[in-house]
Amino acid sequence: MSARTLVPVAVTGLVLAAMSHPAVATRIASALGDAPRRALDVDRLLALAMQHIALAGTGFALVAILGLGLGILATRRTGARLRPAIDALAAGAQAVPPVVTVALALPILGFGGPPTLLALVGYGVMPTLRGTAGALEAVSPEARAAAEAMGMTRLQILIGVELPLAAPEIVEGLRTALVLAVATAAVGALAGASTFGTPIVAGLQNQNTVPMLQGAAATAALAFLGDAALLGLAAALRINRP
Amino acid sequence: MPAITAVAGVAALAAALVWTPLLVIAANRLVPGVPVTGWATLGPALVAILACAAFACALFAGSPGRRAGAVALFLILAAAGLFAWGLGHGAAVRMEGRPPAARAGLGAGVWLAALWFATALGLATRRIRLAGLGAGVAGLLVLALVLAGRAGAFDALSLAVEYAARRETVQAALWEHLALAGGGLGLAIPAVAVLSLWRRGQDLVGIVIGGVQVVPAVALLGALVAFTGGLLRAVPALRDLGVSALGPAPAIVGIAAYLLLPLWRGLAAALRAPDSASLDAAKALGLTRAQILLRLRLPLGAPQLVGALRVATVQALGLATLGALIGAGGLGRIVFDGMAQFAPDLILLGAIPIVAVSLMAERGLSALEGSLRARRPA
């Protein structure tokens, strides 16, 4: 994952972030022929950003831990028997869109963050789990046999051979999960979580284009910048696609 | 299956039925209700259900054979049927003589029990090792539930009461939902075909439609509404064609945008499916490029195409839910109405068809994909 992918993603994120600024968003809205209405000021945007990042970040951390853990477990000799169950559960969870999970969890968990977090974890675990398990299974048997012949223990093989070889694919799964986390946190606005989705939903209801555009641009900016951060982290760790 | 897993399985069902509430009885659909546990709802039927389940689990633990699996399947089906009947009957007994506003909502125990039955049925059908049995059993179960519902077995449950009050709305919303998802697919498929024809630009196409995936759906829909509004102000003639800023048009465009990547990847994989020897042979036979595409690439790549269609269809059905946010209708509208009113049954009324349709599309298309793969000569 070279600068070739990182730079355009980061630049797109920054352009979108600029579009969410009140002055720019007002100008875009008036270019679209909308009557100028009150925009969200920068302080409010930053407050929403902190809440959005906190919610999406918590969910992403949970997804990463669960997805990686279950993915590793599913590819161990002892976990192989759990594989069909894990696959069935993951496929079932995928058939329930995040909005629907948020809606279903609302009466049980109440308004705000918790239903969003549940939807985030339920929907996000799948790509990470699939990515991790698939990548670990794709590690060449020769590499594993060589490590065994060198007398490495199973844990050493996992940490020293399998995970480094599988890392690029695992990062791909994590990128999908991060984008899903940012998107689901925005959907959480429907359940009363205060995120960048809040001005979008409110703007749609009041036909107020400016905050709607600001929220949309800010959500997209967050997704692109998060993606760029993960790409940068992978590059720093020298995880390169073969 | 080790004996300890079987015992744990029975214990899990017993715990779900005995301790968690099966019904929640409330004076109306807005106030919090009083939970009713399994014993109070099901009565002696509870014992029969648990006995069937225990026997089935004992068979799972005792023998891995197909015959034991078949007996277990019948036992689990009997337990599930008894459970459904008992639930409807228990609700009817509780609702008798109450005002029509009173509601018997489904408690957490129902969902836990449903999950248990689904897992056990999956286990039993896998043991019997008969192709298509799982889908057949699921179809039969749904049919039985629908027929029982028609016959009035569940009339006292609040979900049925809500459905009876909104039958037309739900059915119309289902069609709108399918139209939104179908419209998205119908727009994305030709778009992907055209994009794939531009051979030189494939790198750029990949970057752009990959970038679309990063944009959260709520944000894209919001932006599309704003831009459709701008477009309508610039070209008012579009209004006469029935396009409006809030409505199906931006929703279908938004849905289609997310389907481009899976479809484009699938098409690329399908076109690469034939090996170079077959392609050389086709060229040596004097086939034109169009003939190679129609007779070689597309038939050999059919599993990849159907696989991409499966991913795209499930995504489209999920995304169509968000369409309600921008006034496009669909089942999402019922879900959002339920959220606004904090009415769990209304949310379920919208959510159950969404999940059912998604699962049906996923299962159906993946079965088609599997049979195409099996037919393809290795």
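Glycine too: its Cβ is placed from the backbone N, Cα and C atoms.
Automatic, uncurated: that is what TrEMBL annotation is.
Annotated range for transmembrane segment in TrEMBL, selecting from B:4-27, B:100-123: B:100-123.
Remote same-chain residues near the transmembrane segment (B:241-261) are listed as 176, 179-181, 183-185, 187-188, 191-192, 195, 209-210, 212-213, 217, 220-221, 224-226, 228-229, 232, 312, 315-316, 319-320, 322-323, 326-329 (criterion: CB distance under 8 Å, separation of at least six residues from the stretch ends). Remark: the transmembrane segment (B:130-154) makes no contact with the transmembrane segment (B:204-229), by the rule of 3 or more CB pairs under 8 A.
Under 8 Å from some Cβ of the transmembrane segment (B:204-229) lie the Cβ atoms of residues 195, 198, 243-246, 249-251, 253-254, 257-258, 260-261, 264, 319, 322-323, 325-326, all in the same chain and six or more residues away from its ends. In summary, the transmembrane segment (B:42-61) does not lie against the transmembrane segment (B:342-361): fewer than three C-beta pairs, each 6 or more positions apart in sequence, are under 8 Å. Of the two recorded stretches, the transmembrane segment (B:100-123) lies close to the transmembrane segment (B:68-88), with three or more CB pairs under 8 Å once pairs fewer than 6 apart in sequence are set aside.
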